[in-house]
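**Student:** Pasting a structure below so you can have a look.
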């Protein structure tokens, strides 16, 4: 594990850039045609494919390999399994605690997002939904920031791969924040501000890992963290990204996006 100041700074910046990709999504939202749902369908599928592939192939595989090395074959396998499904349970609990109407991880179609501009809801309610989307996304992204930073300290290659997956996943989440806020306030600046703000949970998680969890990041703890975040990312993909892609009405385009996302990460991880 490289603990030099330069390496730590590089990893922290990498984590920050991954989180701020929500702002890219917020920016893209202003240029999307409401009737063109194919691009977002593909993007959602791509995000899901990226996250599922890196979670199951890289993070969980790496966690299981390390745990088996340090804890023994049987114990290591069980710890990896428990950590993975523990991550799923944590993500599901967070999802349960956020009200359905304001949860960005409840599948939404064009009638839910763009329909808000037609006057079905008051501007104050739309604005409130956008702010709550940003808050909920921040809560979900917090452990990803810890994992990206910890992985980057251990291996810059692994940290970069996780950061790329998180960044790709954050772009459609930024869209989910920016669209209702833009419709509710009429201000592009506010929509962009909150979409960027929701991504700050990533560097906050990295900062906490750096200042408070640093001395506890043993090889076993790192492996447990990798497996847990793999579970969180798989849950987000199956609960949010893939169902939302389906609801936009282009099944085969979403499948192509998933395959493209998996292929992208397979090439990146070579």
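Placed from the backbone N, Cα and C atoms, the Cβ positions cover glycine too.
Feature table excerpt (Swiss-Prot):
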- 8-28: transmembrane segment (TRANSMEM)
- 40-60: transmembrane segment (TRANSMEM)
- 78-98: transmembrane segment (TRANSMEM)
- 131-151: transmembrane segment (TRANSMEM)
- 141, 144, 170, 173, 202: Fe(2+) binding site (BINDING)
- 144, 169, 173: Zn(2+) binding site (BINDING)
- 162-182: transmembrane segment (TRANSMEM)
- 192-212: transmembrane segment (TRANSMEM)
- 216-236: transmembrane segment (TRANSMEM)
- 250-270: transmembrane segment (TRANSMEM)
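Tell me about the setting of these features in this model.
**Tutor:** When Cβ-Cβ distances below 8 Å are used as the criterion, the transmembrane segment (8-28) is approached by residues 137, 141, 144-145, 148-149, 152-153, 156, 159-160, 162-164, 166-168, 170-178, 191-192, 194-196, 198-203, 205-207, 210 of the same chain, each at least six residues removed from its ends.
Within the same chain, residues 32, 80, 84, 147, 158, 161-162, 164-165, 168-169, 171-172, 175, 226-227, 229-231, 233-234, 236-238, 241-242, 244-245, 248-250, 253-266, 269 sit at least 6 positions outside the transmembrane segment (40-60) and bring their C-beta atoms closer than 8 Å to a C-beta of that stretch.
Residue 170 (Fe(2+) binding site) counts 26 other C-beta atoms within 10 Å of its own C-beta, drawing on all protein chains shown.
Around the Cβ of residue 144 (Fe(2+) binding site), a 10 Å sphere holds 27 further Cβ atoms from the protein chains shown. DSSP assigns residue 144 (Fe(2+) binding site) to a helix in the three-state reduction.
Long-range contacts of the transmembrane segment (192-212) within its own chain (CB-CB distance under 8 A, at least 6 residues past either end) are made by residues 8, 11-12, 15-16, 18-23, 25-27, 29, 130-131, 133-135, 137-150, 166, 170, 173-174, 177-178, 181.
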**Student:** Between residue 169 (Zn(2+) binding site) and residue 141 (Fe(2+) binding site), what is the CA-CA distance rounded to a whole number of Å?
**Tutor:** 10
**Student:** Going along the chain, which residues six or more apart from residue 141 (Fe(2+) binding site) have their CB under 8 A from its CB?
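**Tutor:** Sequence-distant Cβ neighbours: 19, 166, 170, 198, 199, 201, 202, 205.
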